[in-house]
Protein chains: 2
Amino acid sequence: MKLLEERIQKDGRVLNEDVLKVDSFLNHQIDPELMQAMGQEFARLFANEKIDKVLTVETSGIAPAVFAGLALHVPVVFARKNKSLTLPDNVWTADVYSFTKQTTNHIMIDKRFLTAGENVLIIDDFLANGQAVDGLLTIAQDADLNVVGAGIVIEKTFQKGRQLLDERGIHVESLARIKAFVNGQVEFL
Amino acid sequence: MKLLEERIQKDGRVLNEDVLKVDSFLNHQIDPELMQAMGQEFARLFANEKIDKVLTVETSGIAPAVFAGLALHVPVVFARKNKSLTLPDNVWTADVYSFTKQTTNHIMIDKRFLTAGENVLIIDDFLANGQAVDGLLTIAQDADLNVVGAGIVIEKTFQKGRQLLDERGIHVESLARIKAFVNGQVEFL
C-alpha cells in the first residue's frame, strides 16, 4: 500500500536492525484518515472471503481493526491482555510471548462474542515473530472458528512470523512488507 | 444520542447499582458503525471549537476517539497505561486510580505528540468518578495545552466525575447520561 509505505519512510523511526517505531501515526499518535484507508484496503484484499467478524488484540490492533470492520460491515472483537476484575471467567485464552517486552501475556476473549463456525479475519499492526496472531489462532481453533486470513499493517519479512503463518495455511495480506532496515532506512520487499 | 441510548437499553447489562457492562458493542466487541456515528456526533457537538488534536486513554477510549478524530480531521493521541520497555523516557505522566480494578495506573504520553498551545478535545468511553479524564487534564496542564472540552460516550450522572469537571470549568458533552440503574434497568436523565 503506497500511502502507508510513504508514511513509514517519512515518519517511521528505525531504532536498530530489528525495531521500527511508528508511534507518530499508528500506535500512540494515530492518523484516522490513514486508518480509514487501511481498513478499506483490507476489505478490498479480502473481498472474496465471507467474513463475519474481525479479531484483533489490544491495544495497537484496535484502530486498524475497527476501520476494517467498518469497511466490511462486521463487528470487531479485540482480545484483552490483562484479566480485569470485572471480566467474566467464561473466556477463551492463549499465551502470547512478547519479544519486545520479554514478557508473556495472557490474551482472552469472552466466549459470548465468538460463535462456532464463524468466519473471522484477524487484523494486527505488526507481524514480526507472529506470536500475537498465533495466540488468536489458538483461540480461533479452541472456539471452532474458521480463520479466513490475517491482515497485517506492517510485516517484517526477515522475522519468522510470516513463515509460521504460511506453514499453517493462513492467507496473509500485509499492507507494507519490510525486507530490512539498512543504515537506519526502511527497505521494502 | 438516541441510537446509543437504544443500544444501551438493548445490549447493556446492569450488573449492580453501579456497573453497566457494554462489552458487546463498545469495549470488548465493538460496533464500528455505532463508533462512526458517535464520532460524527462528537464533531457536531464541538463544532464551534477550534480543535487540533483528540486525546484519550487506552484501551476503550481508542475506538470512539479515532472516529471523532476522523470526523474532526485531526490526529488522535492515546495515553498508554503501562510503561513499555521501548517507550522513551521523555513522557508526560499522571496517576489514574481505577475504582473498578482498585489499582492506580500510571498514564503517559510521549512529549513529541503534545505541543504547547494546542487545542485538545478529550474523549473517553465512561465518565464515572472522572479519574481518567482528570489524569488527562493533569497532562494537558503540564504540557500547556488548551482543553476545549471532554466528549464522553456514557456518563453516570450519579457519580462524582461530572461535578468534578464542571468545577474545573470543562465543557462536557455526553452522548448518553444515565440517572440510575433501577431493577436492572437503565434510566436516562
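Using N, Cα and C of the backbone, Cβ positions are placed for all residues, glycine too.
All annotation found in TrEMBL is predicted automatically rather than curated by experts.
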Next item on the list: Please state which member of A:Leu20, A:Leu164 TrEMBL lists alongside A:Asn27, A:Lys156 for binding xanthine.
Entry: A:Leu20
Next item on the list: List which of the binding-site residues A:Ala128, A:Asn129, A:Gln131, A:Ala132 have a Cβ under 8 Å from any Cβ of chain B, in sequence order, or say none.
Entry: none
Note to self: So if I draw a 10 Å sphere around the Cβ of A:Gly130 (5-phospho-alpha-D-ribose 1-diphosphate binding site), how many other Cβ atoms end up inside it?
What the structure shows: 24
Check: Who sits close to A:Ala132 (5-phospho-alpha-D-ribose 1-diphosphate binding site): which same-chain residues at least 6 apart have their Cβ under 8 Å from its Cβ?
Finding: A:Val57, A:Gly61, A:Val96, A:Ile107, A:Asp124, A:Phe126
Notebook entry, point to check: Just the number: how many Å between the Cα atoms of A:Gly130 (5-phospho-alpha-D-ribose 1-diphosphate binding site) and A:Leu20 (xanthine binding site)?
Noted result: 16
Notebook entry, point to check: Which of the binding-site residues A:Ala128, A:Asn129, A:Gln131 has its Cα nearest to the Cα of A:Leu20 (xanthine binding site)?
Noted result: A:Ala128
Check: For A:Lys156 (xanthine binding site), what is the secondary structure state per DSSP, taken as helix, strand or coil?
Finding: strand
Next item on the list: Ten-angstrom check, please: count other Cβ atoms within 10 Å of the Cβ of A:Ala128 (5-phospho-alpha-D-ribose 1-diphosphate binding site), all chains counted.
Entry: 25
